[in-house]
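For reference, TrEMBL has these:
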type	residues	note
DOMAIN	562-652	domain 'Histidine kinase'
TRANSMEM	6-23	transmembrane segment
TRANSMEM	35-51	transmembrane segment
TRANSMEM	57-77	transmembrane segment
TRANSMEM	89-111	transmembrane segment
TRANSMEM	117-137	transmembrane segment
TRANSMEM	157-178	transmembrane segment
TRANSMEM	184-203	transmembrane segment
TRANSMEM	215-240	transmembrane segment
TRANSMEM	246-267	transmembrane segment
TRANSMEM	359-376	transmembrane segment
Amino acid sequence: MIFYLILPSIALLIFISFSSFVYKRKKEDPAALRLILFFLCIGFAYLSAMVSGRGDLVGRVVLTASFAGVPLTFLLFLDRYLQRFGKRFASKAALLLMQAGFIAQLAVQAIEMTGAVPFKSIFLMAYFVLGNAYIIYKLVRSYLAHRQDDLKSLFKLTLLGHLVGFLPFLLLFGVPLLFGVPIIPGQVAAAFLLGLPIVYLYMFTTQRLFDIDFFLSRFSYYTIIAFFPTLLITGLAVVLTNHRQLAWVGWVQLFLVVYLLITAFLFGKEFLDYRLRPKWNKDLNNFQGSLDRFSSRISRVMKQADLERVLEQEVRSILPVREVAFFRYEPESAPQAQDAAETPQAIAARELAASGRRLGVGAAVVLSTGLAVVIGQKRSSYQILWIGDKTNRTKFNPDELGWLKTLANYSAIVFENLHLIENLIGDLEAEMSKRQGTPSWVLRMIFQLAESERRKLASDLHDTALQDQLVWYRKLEAAMLDHDMPPEMRGQLTDIREGLLDVIHQIRETCNELRPPLLKEMGLVESLRSLFEQQQIRANYAIEFNAGEPPESLGDEETLTLFRIVQELLVNASKHARATLIRIELREDEGGVRLRYRDDGVGLALEKLQDSYQHMGLSGIKERVRSHAGRIRFLSEPGEGLEVDLWLPIESAAHEGEDGIDERDSNLAG
């Protein structure tokens, strides 16, 4: 009763409900009708198979139409569905052949109804098996063709759904039926078809596919684990029953049932672990909280001693231990003989050497006293965290070992960064001592960092201080318009309003100086002309600017460097030189860019350029030129103005190894 009426009826209702859902959600989609027909064919085939088995004529007709329609409607659905991705699943010839086979099945059924020829179910089964074999073949080919592009997950999910739905039916019932020995009943085999609507309904209606690769990796792992227990259980059943209770088909059925149950149990166990383990195992929450806390604290670590202190505090807060120590272990220099006065760290080093174990970051080695964990590695030297025995005299459990391994991996990253910084500082010191000056690449990095901070400061000023000033200016202006007040107070408020306008203007000018507006868009020459116009309004000097076309290959860094140099020269002319006329020339020269500057200011002596605080801007100009491996020359005398001649290479990266000091560079007081 259950297999012949209740389950088939429930299955049909499920398929009908899914069909209704698809129609409501996707009725405008051409593929929706084909998917609905596919669902209905499966449902009616399941129901009519039970009725047809009793010899009912209507059941046999419905079975023929629906059973033969399953591979045909699926082929039509998938072909139409893939057209939205610009792909075709089956050729027109294959579709016509499948349709002709379907019509042939109906014709044979009609002939059988007249009694002229007895209908043979083997023809229907052969059509079903061959049709699904072709579909699986096309799915495999499509997956192989698209395994490197975005359709990989789609074809893998489709192939998996088809295999789950039809492979048990084909391998355990359909194909064995051709030889007269089905392994499982048709009712049970048909139950696997219930998995099809879930897969294809999900695929058709959702915008995101679940991670099929993760599912398959878990499935492969669990099926391998489940095989040997299943084999053991089936073998014990065979031995205990003396081989007489079941035929060989029955033993295969028992094996498959146990295999399926154990695999399903392993999947369920993982789900329950994810849901229930954090609630039942409080230590797991402690470990996770410890990792979060440790990862947050190590972000502020700057020295190895700080890292070791943070790590020791974390270990002591979680594990019931009294002793925690750190030491460096080198296999070549480890002690070999036992010494009565040796420390626990020396004992640990000796036992590590005696074990002969190959160490790596995260490796945990249980010793006679305590545990050694590798938290860092530098060539053949290892940084070891040694933890004494627990006070409760228990071993370190797997959760604790996994937690320690994760801490070790976090620590190893910090150790590696600290070593890299240490090596970088050493290389920098050696380079500076060898060259008697800062390398050009270091200068360039410093100036890049400075420009980055300038941009951040300009953005902060614009978004905070400037906007606040504008708000208060508008409020003051509105108050002056909306209220009557004595003339004296109105005059004072007018002065305050004008002062606010001056502050707003100064903030805008500061932002423009910190971050030159439209330098990339306007280019160097036009940006300089705009700068000169503004400076001549604020300062008491005139500027004569002569510029040719700058090289097209002039990079953004070189452009910004030249702009900053001109800015600094103008500041010097305004504050210190008291110049009235400035001449600036910019042109391409010697595969680079040459900038000449001359003013009629008070000038300066050569020795004052190096030591005077007032001329730090000119020293900064020298460093900027050196950072690009360029050349610069200062010519000046007190009362004779200042002349600057500098040259920057267009491709300074080619001179990255040079320090930018040329024997012709000099600071002259002529």
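Backbone N, Cα and C define each Cβ position, glycine as well.
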### Task
Could you break down the residues of the domain 'Histidine kinase' (562-652) into DSSP helix, strand and coil, giving a count for each?
38 helix, 31 strand, 22 coil
### Query
Sequence-remote contacts (6 or more beyond its ends) of the transmembrane segment (215-240), Cβ cut-off under 8 Å?
156, 160, 251, 254-255, 258-259, 262-263, 266-267, 270
### Task
Quick one: average pLDDT across the domain 'Histidine kinase' (562-652), no decimals.
83
